[in-house]
Amino acid sequence: MLKRLSSACLRSSFSHLSPRAPASSCYAGEKSTLGRFFRSLRDSNPRILVSGRRVFYCSEAGDGSDAADAKDAVAKAEGENAAEEVGSKFSSAIVPTNPKPEDYLSVLALPLTHRPLFPGFYMPILVKDPKLLAALVECRRRQAPYCGAFLLKDEPGSDSGVTSGSEPDKNVTELKGLELFKRLHEVGTLAQISSIQGDQVILIGHRRLRITEMDSEDPLTVKVDHLKDKPYDKEDDVIKATAFEVISTLRDVLKTSSLWRDHAQTYTQHIGEFNYPRVADFGAAISGANKLHCQQVLEELDVYKRLKLTLELVKKEMEISKIQESIAKAIEEKISGEQRRYLLMEQLKAIKKELGLETDDKTALSAKFRERIEPNREKCPPHVLQVIDEELAKLQLLEASSSEFNVTRNYLDWLTALPWGNYSDENFDVHNAQKILDEDHYGLTDVKDRILEFIAVGKLRGISQGKIICLSGPPGVGKTSIGRSIARALNRKFYRFSVGGLSDVAEIKGHRRTYIGAMPGKMVQCLKNVGTANPLVLIDEIDKLGRGHAGDPASALLELLDPEQNANFLDHYLDVPIDLSKVLFVCTANVVEMIPNPLLDRMEVIAIAGYITDEKMHIARDYLEKTTRESCGIKPELVEVTEAALRDLVENYCREAGVRNLQKHIEKIYRKIALQLVRQGVSNEPSPSAAAKDVVVEASSEKFLEEPTESFAEEQKASTVESEEAISQEVSETPGDNPVKTLSKDEVVKIDNEEIVADIIQETEVNTKVEKILVDVSNLSDFVGKPVFHAERIYDRTPIGVVMGLAWTAMGGSTLYIETTQVEQGEGKGALHLTGQLGDVMKESAQIAHTVARAILSEKEPENPYFANSKVHLHVPAGATPKDGPSAGCTMITSLLSLSMNRPVKKDLAMTGEVTLTGRILPIGGVKEKTIAARRSGVKTIIFPSANRRDFDELAPNVKEGLDVHFVDNYNQILDLAFKNEHEAEAGK
């Protein structure tokens, strides 16, 4: 209805105007330019569009004829379209009023949140305030339909550059009276109330207003002054140029933006004649600029400055339109290209299918799976072939879009990728295996002998049956690298997976195929990766298996590592038996006691105790140092690490059982050496002098190979003559009867070139001469810092009540002292106090030791009431380190007896062993580690339980060398060994 009323009104209002009629408000040039521009838009597309956001109209107050004509048009339109009347009976495009707009000096204030209202434009707004809405309705009833539209300022503290949109309606509604008055911009627009439909009010801008003061608060009424544009010179060239630039930019924007074009066409139908102020208002009003920028244009009364502000806005809008157009073009090209490619691919598929050159996806998949299993069909078990054929037939019946199709395809992919019956050729050469093992590792005789035995049995049988070997030992002794060496010696594929912290059984046994994302277990993945059915599988950190809500992985490994069961290992995903009997399993563990007994029962445990100082020296010199030097790019002749430095490094920095920490320290040394060499100018890149030497030699050889030119022949002749004369002179001056030898020209030139090359080589050697770096005990701390370990021996000669014991740790063996002292003495005060962060086992050992010591003392010295009347304090030093284990009983008894009898024990004595209440000595573990710890501390005499004699005999000769070892069954033997020499010495005195 509003559209029709507006169109009818304006057609009748401006029907008497002719495009060639003179316009009094504009000069001829202005009229012709502006008129042609907007008439061309109107003639090219006479369609009039009313924007959903705002409708455009312009009227001039004081023009009585226009108002009268408009009134007639409204009446006529209402008569013709009475059935289509919308809203109240007072609504119309223009409501004629008797008072003129300039007569309104006090108006209702309407806050605008989005952008200001410009003269000549429609704007629909929503009025939520019921009092304000009622006041607007009352104004229309009183035939005074005018109000003031003022832009609302941004809330204090907000970023105006960011909040260019609207303020929430809820916040605007809450503003009342003086608070709303302070938030309004001073300059606004006198707006005619065109229609009111519910809470929607349509305003038409007329002229600019400025607020002078507040008249009333609820609803807000303000007193205003009517503003007029400042006078301007229409003939000013600057104003003309600015206006024409605005028009030119608008023309460019209108070509790219259909929305702007519709705005312009509607505006040209309503506005009548254009002038410079209207051009500025038009450009600013329809631009998408920030509301504050539009407010600046509204507040500007200088026409030239207003045109400049509008020009900036439309230029920016032009740039945005160009960017938008380029983005749209790029997206359109991409989409069209993809559609074209899709159509061509579909056509290609259709052509190939017609020619029989391509089959469908299911047939191609089936052919791929059959081709994959064909080479191993004879070796593949019959039950596996049956399952594969059934699944292939099932695949042909399934739709490619179904989920079951993907499950079946993945299942066939895994099933056909396994190496059924495909074994690698093993190397049963014992001598070659011995050579490889010796190359990779020093020592480890037990491990090497077990591998050679395995190879020997395989050679005699013709086939090798898989075994389960468990390598146990401290960190860094080479357990994982041994597995690689075994695989290389046997010519088997190597696969390693760590089970440390593993808590999901599906990692070993696989998932059921019905689960989303199901996969086979580690063994099936291993066989697919290595491509053979007899690899060497290293299961690392088997003593650190976890146990979670998804089952017990240790129990799942029972079937995998049982030689009697793994011939028919069943993976949950494949659900067909797999033969793993030919797989050689090598497990590694730090502590065997952490492995569950059922799983440990299926393994053959080989203990790797660690390395003594001599073995570490060999490993460092033959393996670690060589590898580190090559990895750092250092030549052997540039550095030397002495034996004394290596020994000091082993004993004072890297005392653990393994060699991993030793390798880190050696790498640290060579990194610092590399830095020193680079600072001295050493580089593995070819030096410029060496390159020059090669160029000279190459150039000279090429020069002789080429056919000589005339200039070269003359130069060569001149140099040859000079060389002959010089040589003849030297020969003639040489004393003696040596005959003079005449040289040819080629020989003379050769001598000259050799002299040049020799000079270059000598110069290169002088420039690149580098001082050799020597690493010795004196400067070792400069490379690796201060020593970490100190001597474990606290006493050169143990005092009374102190005895050295031997302990086993996860890092190897160590010595520890057990000290006892008397706290107080008195009748019946016998007691034992323990310190040193001892575990429950050691606390029990201390109580047993106290009881046995009292029994032995009462037997040896019946008159000595020491334990009955003395409170004794037993302490194990290094209280910050937890200590526990069943091998300290002998040491504790000896310490208590030493204190009670007031006798020190034998010098350089260490012992280990657990004692029963009757004095029997029980066997212990870690014989090699404890022996190494004793040697490191300079102990000469060691006491072991008799049951450990066999363990000691199996040690290497270099470990047992120089030690006086005693094996005992009863503590009375220890008593004689510990105090015999001291007793004899006292008797001699």
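In case you wondered, yes, glycine gets a Cβ from its N, Cα and C as well.
According to TrEMBL, the feature active site maps to SER887, LYS930. Here TrEMBL flags GLY473, PRO474, PRO475, GLY476, VAL477, GLY478, LYS479, THR480 as ATP binding site. The annotation domain 'Lon N-terminal' is assigned in TrEMBL to 107-318. Residues or ranges marked as domain 'Lon proteolytic' by TrEMBL: 797-981. Residues or ranges marked as region 'Disordered' in TrEMBL: 707-741.
Within 10 Å of the Cβ of PRO474 (ATP binding site) there are 23 other Cβ atoms, across all protein chains. Sequence-distant neighbours of THR480 (ATP binding site) (same chain, 6+ residues apart, CB-CB distance under 8 A): ARG496, LEU538, ASP540, THR588. Other Cβ atoms within 10 Å of the Cβ of GLY473 (ATP binding site) number 26 in total over all chains.
By the criterion of other Cβ atoms within 10 Å of the residue's own Cβ, the least surrounded of the binding-site residues PRO475, GLY476, GLY478 is PRO475.
Other than GLY473, PRO474, PRO475, GLY476, VAL477, GLY478, LYS479, THR480, the residues of this chain whose Cβ falls within 8 Å of the Cβ centroid of the ATP site are, in sequence order, LEU471, THR588, ASN590, ILE608, ALA657, GLY658, ARG660. Considering only the binding-site residues PRO474, PRO475, GLY478, LYS479, SER887 (active site) has PRO474 as its nearest partner by CA-CA distance. Per-residue confidence over the domain 'Lon N-terminal' (107-318) averages 79 (mean pLDDT, predicted model).
Across the fold, the C-alpha of PRO474 (ATP binding site) and the C-alpha of LYS930 (active site) stand 13 Å from each other. GLY473 (ATP binding site) and LYS930 (active site) have their C-alpha atoms 14 Å apart, to the nearest angstrom. Rounded to a whole value, the Cα-Cα separation of VAL477 (ATP binding site) and LYS930 (active site) is 16 Å.
Non-local neighbourhood of LYS479 (ATP binding site): LEU471, SER472, GLY473, THR588, ILE608, each in the same chain, at least six residues away, with C-beta under 8 Å from its C-beta. Geometry remark: GLY478 (ATP binding site) versus LYS930 (active site), CA distance 20 Å.
Separation of the C-alpha atoms of PRO475 (ATP binding site) and LYS930 (active site): 17 Å, rounded to the nearest whole number. Counting only same-chain residues at least 6 apart in sequence, those with a Cβ under 8 Å from the Cβ of LYS930 (active site) are LEU806, ALA807, TRP808, GLY813, THR912, ILE924, ILE942.
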